[in-house]
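Undergrad: Could you have a look at this structure, given as structure tokens, before my questions?
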């Protein structure tokens, strides 16, 4: 079978080595005669999987000991509700930074539980979309926390700054699309959450990193499966967890360690992004409308100068083994999601195709 590179924004490409291991365990896990999908989450075998996965995740991000790691259901959208339900405490408002589609979605959900102070950080610089620096975010004095999304997958916009608002400001962030792609100072955040389906593993699992002093504040109406304290007290097994997604994510963590960890992935991700943006910037045939200071390294949207060629581009790229390049319906065009599992070889195949496509159709 010819090589295929999956540029989907999520569920996303998984490392080939991980899929091979999972294939072996799918029918007979560790010689037990049962599938890894069938073992009990209460059994010692899965408990070992869970403990190793958490420790490897902690190692990869150097997570301080005063932070809890939770393996949850519900995806990022579930956390849009969980954040205010767990962190508001006796306050009624929180700061929400709007820099794109997913930040706006979090704001919409938060309005059910509090009065968000919306900080519109979207700006235009020389005709390109950008985000105000954090120094220009007008935080309010009575906010329980400030929430933002460091990477907007649809818009291709990234906020790479590290928060430095002071120790009394609780920062909550949606790292679904950038977790484990670059070094991260966890200590600057109160809550970090990430849906697994982009840089961690398959869909169905959400990982939450929460500072332990923020536990015990959940609203009385908070569903138990979203209550950080309940989840922590039950080792993320208050109900049956998504065991297969947890197991597969654990394999990805071990794979990441074998690649050299987050620092090594950061270098590769930079190389991939520079290669792809380089082809776009050196051409009048392709364009990207995000300022270089806020370009995403994980999700690269681009448009063709002649949109009438979009259908042809997608058909020919798919035939060439370059899949899932259609842009989100909100912005159109193309989008290449190049998460950790996408090898440099895959991005090189895409850029070679783009150059050839321009030669033939430009």
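Each residue, glycine too, has its Cβ placed from N, Cα and C.
Given the structure is predicted, the values throughout are model-derived calculations rather than measurements.
Among the features that Swiss-Prot reports, L-glutamate binding site is placed at 9, 42. What Swiss-Prot lists as pyridoxal 5'-phosphate binding site is 76, 77, 102, 153, 174, 197, 239, 240. Sequence annotations record features per position, and here Swiss-Prot assigns N6-(pyridoxal phosphate)lysine to 198 based on sequence analysis.
Can you walk me through where each of these features ends up in the structure?
TA: In this view, residue 9 (L-glutamate binding site) is surrounded by 21 other Cβ atoms within 10 Å of its Cβ, with every protein chain counted.
Residue environment of residue 76 (pyridoxal 5'-phosphate binding site) contains 22 other Cβ atoms, counted within 10 Å of its Cβ in all protein chains.
Neighbour count (other Cβ atoms within 10 Å of the Cβ, all protein chains): 30 for residue 198 (N6-(pyridoxal phosphate)lysine).
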Undergrad: What subset of the binding-site residues 9, 42, 76, 77, 102, 240 lies within 10 angstroms of residue 198 (N6-(pyridoxal phosphate)lysine) at the C-alpha level?
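TA: Those near residue 198 (N6-(pyridoxal phosphate)lysine) - Cα within 10 Å - are 9, in sequence order.
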Undergrad: Going by DSSP, give the three-state secondary structure for residue 239 (pyridoxal 5'-phosphate binding site).
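TA: It is coil.
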Undergrad: Counting only residues 6+ apart in the same chain, whose Cβ is under 8 Å from the Cβ of residue 42 (L-glutamate binding site)?
TA: 237
Undergrad: I'm trying to understand the geometry here, so how far is the Cα atom of residue 76 (pyridoxal 5'-phosphate binding site) from the Cα atom of residue 9 (L-glutamate binding site), in Å to the nearest whole number?
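TA: Cα to Cα, residue 76 (pyridoxal 5'-phosphate binding site) and residue 9 (L-glutamate binding site) are separated by 14 Å.
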Undergrad: In three-state terms from DSSP, label residue 198 (N6-(pyridoxal phosphate)lysine) for me.
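TA: DSSP assigns residue 198 (N6-(pyridoxal phosphate)lysine) to coil.
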Undergrad: Counting only residues 6+ away in sequence within the same chain, which have a CB under 8 Å from the CB of residue 197 (pyridoxal 5'-phosphate binding site)?
TA: 10, 11, 12, 75, 176, 203, 204
